[in-house]
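K.L.:
What follows is a structure written as structure tokens; I'll ask about it next.
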């Protein structure tokens, strides 16, 4: 039996960690179930939520600013940040950053409040692109987080959970995602895809820790079956050692925010403004 989720500061429950069943990244990562009703605008719970999420975003930004990378030889990446935020511990790996972002994505999703979910998820997705460009890649954690963001954006665009089909709270009398928000989402999708491609093509990968190696050494038979469902194969001596690694990444990159793009569809096409042009003969 799984243990109940633990309460975080601000009174919000952090989503329970998913059990690892194979060495592949789940291409359709699940989100926690949201509240049945949105937070009351201007209420105490909404105010506490905003303070909590803003504080966590700032904490992640500070930890990223003080990150350690191979090029810094264990020193903080940004010297000014090291002097200002002396008490903040910088990230040592993308794994750490992705886990913090994933937990916060879960908290935002649980709010069940579209007016908060949409802008905060956009901000978190943009922050993720900064992390991708600034740290050696951890493909497993990277694609897992991007899959959750894809699930969230696609569901918000549709007004219901794209996995379960359940109507999302707060969409009964709401017009949905605005045109401006759709433009921002499409822009961040394109930016993220470029960032992921550049990161993986650079060949600079995060060193595997004990949990990565344990995952990679188990469930080898299920890897081939899971690949048929669109999941990432990471075989060989370590989680990033595989003859089919590049091909798998190409497929995974192509699926970054794929459901979000499907939901966006042609909604951002230039409208017909009545100007008719004739083709040249």
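Every residue, even glycine, has its Cβ placed from backbone N, Cα and C.
Caution: TrEMBL annotation is automatic and unverified by curators.
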K.L.:
Taking 1-45, 46-90 as the choices, which stretch does TrEMBL tie to region 'Disordered'?
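P.N.:
Per TrEMBL, the stretch marked region 'Disordered' is 1-45.
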K.L.:
For the region 'Disordered' entry in TrEMBL, name the matching range from 143-195, 196-248.
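P.N.:
It is 196-248 that TrEMBL annotates as region 'Disordered'.
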